Amino acid sequence: MNQEIMNLFNPTTPAQVFDQIRISIASPEKILSWSYGEIKKPETINYRTFKPERDGLFCARIFGPIKDYECLCGKYKRMKYKGIICEKCSVEVTLSRVRRERMGHIELAAPVAHIWFLKSLPSRIGQLLDMTLKDLERILYFEYYVVLEPGLTDLKERQLLSEEEYLRAQDQYGQDSFTAMIGAEAIRELLKGLELEKIDAQLRAEMAETDSDIKHKKLAKRLKIVEAFRYSGNKPEWMILTVVPVIPPDLRPLVPLDGGRFATSDLNDLYRRVINRNNRLKRLMELRAPDIIIRNEKRMLQEAVDALFDNGRRGRVITGANKRPLKSLADMLKGKQGRFRQNLLGKRVDYSGRSVIVVGPELKLHQCGLPKKMALELFKPFIYSRLDAKGLSTTVKQAKKLVEKERPEVWDILDEVIREHPVLLNRAPTLHRLGIQAFEPVLIEGKAIQLHPLVCSAFNADFDGDQMAVHVPLSLEAQLEARVLMMSTNNILHPANGQPIIVPSQDIVLGLYYLSIMREGLPGEGKVFADLAELEHALYSKVIHLHTKIKYRWHWVNEEGENTVRLLETTAGRILLGQVLPKSPKLPFDVINKLMTKREISGVIDQVYRHCGQKETVIFCDRIMALGFFNAFKAGISFGKDDMVVPGSKWKIVDSTRTLAKDFEQQYNDGLITHGEKYNKVVDAWSKATEEIAKEMMKEISAVRKAPDGSEQQVNSIYMMAHSGARGSPAQMRQLAGMRGLMAKPSGEIIETPIISNFKEGLSVLEYFNSTHGARKGLADTALKTANSGYLTRRLVDVAQDCIITQADCGTSLGIKMRAIVDAGTVVASLGSRILGRTAGEDVRDPATNEIIVKRGDLMEERDVEAIHQAGVQEVKIRSALTCELVNGICGKCYGRDLARGTPVNHGEAVGVIAAQSIGEPGTQLTMRTFHIGGAAQINEQSVIESNFDGKIVIKNRAIARNGEGHNVAMVRNMVIAIVDPDGTERATHRIQYGARVHVDEGDMVKRGQRIAEWDPYTRPILTEVEGTIDFEDLIEDQSISETLDESTGIAKRIVIDWRSTRGGADLRPAIVIKGKDGKVLKLARGGDARYMLSVDAILSVDVGAQVKPGDILARISTESAKTRDITGGLPRVAELFEARRPKDAAIIAEIAGTIRFGRDYKNKRRLSIEPLDKNEEAREYLIPKGKHIHLQDGDVVEKGDFIVEGNPAPHDILAIKGIEELAAYLVNEIQEVYRLQGVLINDKHIEVIVRQMLQKIEITDQGDTDMISGEQVDKIEFNALNAKAVEEGKKPATGNPVLLGITKASLQTRSFFSAASFQETTRVLTEAAVNGKVDPLEGLKENVIVGRLIPAGTGASMAKIREVAVKRDRLILDEREKQAAIVPAAAPEAEPLSLPPAE
């Protein structure tokens, strides 16, 4: 009988059932208990017999037999001797598989330190003993003695003595008066002698006493390690090894190659070194060799063991014969090729194939074309079993032959096997879950896989040679999941934003667009048709054209379910399109009675999905695809070079811009503007010109042309392609027929001279050269950024992988407030789009009538959002993942709608991974898309505010002055202009820049499009608030101010230079003061002098003695020249935000509300303090480098959270000062801005899920009576548990603040050490986990994949739940039995059967 079958019933090692895994330091006893024998010899196998040497590294006596059930000498063979130990060769007769699990050990002649606990920073041994790593190494490597027991001598405990000092001390105090040792033995004794309880108490006392922050931190670190050893059951001396375990031989195999040579695992070499040195040391000790030789041997043994555990961490890397570093045990786990990432998290699978893909337009959406040859190979086992079942073959061999000969009956059987058996298609790179989808295979001839055109956008596939892999789900459960969850027909919506992803593109869009065009004056205009037959007849007999305006009787079912008839004005093409639309009262003909662009089609699909359900949508999609292809082919659209129309006004615009640029040049030569300002203005002028030419071109291309008979001519084909969204964009058309415009240098700056030609006219040599910059940069960027994007996705997945929907509702009353996002007066994200599919955190009421629109706790659907919009609600509080109160995972209410299904989210959905994929996937796509516009520069600098509504002006914090030129100027930074509609609702608010010209005032009525304010975007002014005479302070020629002569103009301009770097300039405080008629410095209205401090690089606009009025400009600070905004700023920016890095020049934020006061300067920093408005708070002081521009004056009032120094705020500051909600809003907005710039839609909830994971830790501020240490970071779960325990025992709980961790840090500090170790820094994670005796509860996805279980998400989540219920029932039954046994001790065994409690 087959051995394997026998072994099913008595496996060599029983399968283990476990709920958690614990890791700790192995004690010598533990290592010996694992071992099956000591390895005494370094030999591996005998070179003649090829049998393993006894007591060697492959010894059969220790590790088990080489062949199944056969001892080494061959005396006992076969199953019947199972378990016997041969008396000749001492080998147990058993399965050879035990060679994979039996371990051995090496008994060391001298103890050695474990390198991970010694060298992995921070050094655990060093921290416990409070010694530096340098000192430890000196002891370990036999340079210095350490005093263990000073006795009555003057020596101190743990004092280091060199050889001479040691001998001198022995002479001085006598041989036995003190104990000092050297080497690992000494450190082992020190560790053994530690009294952890005593040290713990001592450290806590010291921490209470110390005031120094640094010392407190140092003590806290040491205390943490002491506690780790106290509570984990690890003993400190176990960090020094006396026994080294040897891993099973089949995990470090020796494989014979042809030609009599062997390939071996590096570990064997490393073990051999250890054994050789150990044996030599034993021999030297027996021979009583001189001390110096023994010490050298011990040092070499330490080095050998170090190399075995972690080669290259200390000293030189040990290399093999071919100068290649040997792979140590640590290297086996680390990195992409290590055990975790190569074998445990990413396995290769059988039953798969790959081939090139071609388009399959006649397939249905749920089908894919599978080549017959491929199917035959993939489904072989199924075919064999079916052949056997049908009696066509009796043995596997026969079946094999039939299949190889490809007999007709085999093809019939293949058809049966494949029917209803889905296969998975995958296209690399799999950036999100739609990169693997299930299809039903259709057998085809040929060797290429056929793919349905509509799923291409989900796979990001095209047919230019892409390849795809096919996988076969084998088990019934796998087939079920593939069909129900992964079928392409079940993935119509994009998980990132809930929009349809099965959308037509390219040819299909063009065909549908062509079908829906309406033109005036075509033959048959105004005819009326009663039904489709008539219409088709007229079309075929050419009485009417597809685009003719006609009237048609449309039969339709209204909301009440009655049949109604409408007379429509439409075109023949649109009627044909209307035939495929599902009949539903919610889908009137108006949905498609318009020009169908890609956007419109996507909208129609979305509506069909929401109103008619999934099945109808799939049918509809397939039908419009066929229609689109057919009409694109019928239309026969093509284009020639005359279709690219160069606008007639092009040269006029170019000439006028050239004149303008000359003017700027002249102004610069006259010294009116600086070089930077000239550059900005020229670039601005040219980008405006480019836009204008593009506009003109679009106007001419899209213009309606009339034929001689008055009918409209065919639309320009290039315009059709771009306008429909089939191919090309206005930006590309501009380059073809307008002007290419400005180009960027590789550094990102814009070249001042634009490319005036377009591709139709052809570029001159110089223009061509200028344009190569941008193109080349685009290509280089792509290569670099694809990698970065992949790495970002990996970090995101890692931080969010254990975020799963675990409950329906956590019942929290917390939430975050949502408003529309307005950028520069235009709404970039409406309130409706942000709250759709979220749960209301409180009742949403109509502001006018106060009636409830949405109840608290209800999911907001499309109709609710529409109602909220109609009511004019400005702000809605919603539930969010950030405020969900569940300990593990997130609840369904806080998450809201599952975007990919359009229904409330299911229990067990892995929302963390979906969030990570949704954020990471466009990253890669964007990086690949940078160069499409060929580096053509895109500038957008907003410097005008126009009203978007009619209404009345309300100004908050009004401060307006009329300057010398008669303009109204904003004098403060926090002035806000709001536009209010007649019933008092705020429609828009605009923050007005300091120094902006304001064109309206309080109470004015404005019309839509009216200009409210404008400013110069390239400079920041410093304005005067009083009328008087200018005087300078500390503005000394060549010390704090320099007159620079512009070489090209000969005009001088005065710029403030860095005065600290000049001689004697350290105490200067350059300023402009304004004096009255009496020559004294004037006072400002709010107190303080009229003294305006200047920062480096300020350009003076006034002279001494000049008269100024309020609102006049004293000086201006030029801002950076405009860089192109490209995703280059994008990806690194997203990574920076998720990693929560402090920006380089971070903004300084006011921590309290109060009044600004300037204090005495400190070295080269300015001292600024805020006197609080609230008397209970303490004043705050800030030191600000002198070069930074502080735009506040003495006596200004700031609000909590206002910027004192401009810049990007550090997210940690926002969290500390304004709290979680503000931080979330900031991160969500900043990240969304990057994606919005690229036109990528991502739902806010995905970013919220990631931010939630970044906020899982709490920093203890006061430890109370708990065991936590103030200053340490604790997991939220642990924090709450320990505090609950403290409250229960009547003790004082600890307090703490949430801390924001970057995603990498958060991943490494997750509760699961498996997850962290498989992410990065494996050594450090495992060392720390072992010292703490960490327990991995196996809650996340990664840990479960690593231990080889179903993940606790999706179908795995329900399995886990069922298991929980079963355990509970079993417990109940056992408890019941125990009770009964207690009541009736001598009852008969036939107790009545227990009734089972109902399942939950």
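In case you wondered, yes, glycine gets a Cβ from its N, Cα and C as well.
Swiss-Prot lists CYS71, CYS73, CYS86, CYS89 with the feature Zn(2+) 1 binding site, giving sequence analysis as the kind of evidence. Annotated Mg(2+) binding site per Swiss-Prot: ASP462, ASP464, ASP466, in sequence order, evidence recorded as sequence analysis. For CYS810, CYS884, CYS891, CYS894, the entry in Swiss-Prot reads Zn(2+) 2 binding site, with the evidence type sequence analysis.
Structure with Swiss-Prot features highlighted.
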residue : record                : contacts (Cβ under 8 Å, 6+ apart)
CYS71   : Zn(2+) 1 binding site : ALA60, PRO65, LYS77, CYS86, LYS88, CYS89, VAL91, GLU92, VAL93
CYS73   : Zn(2+) 1 binding site : CYS86, LYS88, CYS89, VAL91
ASP462  : Mg(2+) binding site   : CYS456
ASP464  : Mg(2+) binding site   : none
ASP466  : Mg(2+) binding site   : VAL356, ILE357, ARG427
CYS810  : Zn(2+) 2 binding site : CYS884, GLU885, LEU886, CYS891, LYS893, CYS894
Collapsed DSSP category at CYS894 (Zn(2+) 2 binding site): helix
For CYS884 (Zn(2+) 2 binding site), the number of other Cβ atoms found within 10 Å of its own Cβ: 24
Additional residues around Mg(2+), ordered along the sequence, whose Cβ is within 8 Å of the centroid of ASP462, ASP464, ASP466: ILE357, ALA461, PHE463, GLY465
Other C-beta atoms that fall within 10 angstroms of the C-beta of CYS891 (Zn(2+) 2 binding site): 22
Cβ within 8 Å of the mean position of the Cβ atoms of CYS71, CYS73, CYS86, CYS89: remaining residues of the chain near Zn(2+) 1: LEU72, GLY74, LYS75, TYR76, GLU87, LYS88, SER90, VAL91
Binding-site residues listed as CYS86, CYS89, CYS894, least Cβ neighbours within 10 Å: CYS89
Cβ within 8 Å of the mean position of the Cβ atoms of CYS810, CYS884, CYS891, CYS894: remaining residues of the chain near Zn(2+) 2: GLN807, ASP809, THR812, ARG879, ALA881, THR883, GLU885, LEU886, ILE890, GLY892, LYS893, TYR895
